[in-house]
Amino acid sequence: MKLNGAQILVNSLKSEGVKHIFGYPGGAVLHIYDALNACDEIEHILVRHEQGAAHAADGYTRASGKCGVTLVTSGPGITNAVTGIATAYMDSIPMVIISGQVPSALIGNDAFQEVDAVGITRSCVKHNFLIKNINQIVNTIKKAFHIATTGRPGPVLIDIPKDITIATVEPKPYPNSVEMRSYQVPSRADSAKINAAADLISLAKCPIVYSGGGCIIGNADQELRAFTRQLGFPITQTLMGLGAYPATDKQSLGMLGMHGTYEANMAMHDADCVIAAGVRFDDRVTANIDKFCPNAKIIHIDIDPSSISKNVAVDIAIVGDVKLVLSDLIVKMKTKFIQDISLWWLQIDRWRSVNSLAYQTKLGIIKPQTVIETLYEVTKGNAIVTSDVGQHQMWAAQYYQFDYPRRWINSGGLGTMGFGLPAAMGAKLAKPELNVACVTGEGSIQMMTQELSTMLQYATPVKIINLNNGYLGMVRQWQEFFYEKRYSMSYMDALPNFVKLAESYGHIGIKVEKEQDLKPALIEAFKQKDRTVFLDILTDPTENVFPMIPSGAGHHEMLLAGRDEMASMNDDGLNLV
Amino acid sequence: MRHIISILLENEAGALSRVAGLFSARGFNIESLTVVATNDSTLSRMTIVSIADDGIIEKIVKQLNKLIDVIKVTDLTATEHIERELLLVKVNVNQQTQVNIDKQIDAFSCKLVDVSEDIYTIELAGKSKKINDFLANLDASKILDVSRTGVTGICMKNRNLTKGA
């Protein structure tokens, strides 16, 4: 029996095991929506904005490890989704995006709702396809999922003209495997490199493990734990890597980088051996490259050869799947002598005793840090926490202790405001059994509040923790430090009544203004198992994120809250923003 | 330093713009770019000349290798290789200039591919440097139009991009 292109496409998605699609219909994809309507195995989630679709699919992927799928129409449908696609690309998140295109005969004619989707997304996808023939559909979908989910993962776009979804053909069976001569995925690393790394590790007197998002995306958390515990080394994690190693473990030094802990950054600076696993040496982590790890030999494990020595020259580069590389290293290190590092631990404990995350409380004022600590207490550290971008993101990363992977979901690379709410919705659909909290600010949340409507329609009970300080806090903090307190456009005037906003979408809204109400409100919110609760929490408008490495400085030049004056910045430093 | 990067890639629509886009998005410089299908019609070979230090070239090669359409990348300048470029140039010829132009055509072993009353169209193939030298020796005011193909190149001896790729 002949099937049309849309039916073949939907059947292909079924063959890939797709259970949810996040999308928004339009003229160019109506045939696909018609085919989806007849498909019981796939649930379509109708978002209110295509950016929300991409972020929701992204949150779904990060929470579950399954490849999220986004479906949008041509023209404004795909351009709206671009921010979400770029967000996934920067954080190496697998995703398949299907965009409708105007009929083949109209491509290039400036047709209604025509845009060059392949051209527009080229620089923010791992790969993209324009389907030109109905017979290409099955192979293209197979390739897209293969490319998106293997190697260094990333989003893959498939642009499909409307006429191809309408045409009919006798369907081919869905392929079991895919052969691509131009795309080979590295897996096991060269054993000579493993041996060289093992030799270096066995000489280290001041070692540190520096792990990142690659350990989560590569499902390498068990190997990372085993490796770090076997050696007894301290470990620090990037913003993207939180949860791959338990934050509450005694070997964990917490996050490193611009707002990382004192002990993590000092240990990086003084280390003689850095084992970097699934990280990309982002500028927010390295601070001033010239002052980065001056005494260390660096071993870098990464699946993407182009990430090696991109920002920092490394001594041993191991290209391979981080899960396999770490298991090879675990075996290798069993036969190796390890140095006594008790003096190194003594030094680290001295740095730890500085307690760089300490903060001043003020009577009657809710501190944002307290909100996150209370959230941790109330959820017993078990929730999935998504965040938007800004001060609240850093506080969530610093004060929520992530002991498990795939529980901390934020836009680390692109820094996308508006990410948190749709990502929380996607995470809740992926993991309905877990509590999901979206930590946000009054600036970020207003970039995506329309998704409150989607959350009502599909009953995704998320708890929204709005740290409302009336400012674009991170912008205000930078203006305070570097622009002599000229708060240009960082003040959010005319805020909505968030409680009424939530209620207008059928959710529960709670305003929290007093510190004694904070914990009861959080307890009440998480008691509401089936309802989305919007907690509008008025927090200290003057609070800043500490500790902090001022731009242009090195890891050993951190500023601590209340103890250091912000040094005046030079132009080189400001440029590094 | 000047590098000649040779790329074997799938002969598919959009492959050229992916490569060119990679250069522009990362601020890498392209001096010249040639692309055409190989004897295998599913494969294209692209030759790019870029001037940058070795570290940048290493990054470029890594990023090129990351593109899904790219099968193989070689920095020809790192091996023994042959490079050629083709020039077509039209010059104005009159009684005063003809002697010098004829002399240059002989000296560089050019081919005259078209001659009209007062215009020569000259063909020259060779290393880019040779073409630059030839153009420099012509009287600039007499040059009417210049068209250069950009560099193509190939490894010497038993090193190949296509066979066994």
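Glycine too: its Cβ is placed from the backbone N, Cα and C atoms.
Summarising the annotation, TrEMBL assigns domain 'Thiamine pyrophosphate enzyme N-terminal TPP-binding' to A:4-119. If you look up TrEMBL, you'll see A:194-329 marked as domain 'Thiamine pyrophosphate enzyme central'. The domain 'Thiamine pyrophosphate enzyme TPP-binding' feature in TrEMBL is assigned to A:388-537.
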Residues of the domain 'Thiamine pyrophosphate enzyme central' (A:194-329) by DSSP state, where helix covers H, G and I: 56 helix, 27 strand, 53 coil
Confidence summary (mean pLDDT) of the domain 'Thiamine pyrophosphate enzyme TPP-binding' (A:388-537): 97
Counts of helix, strand and coil residues, the domain 'Thiamine pyrophosphate enzyme N-terminal TPP-binding' (A:4-119), according to DSSP: 58 helix, 21 strand, 37 coil
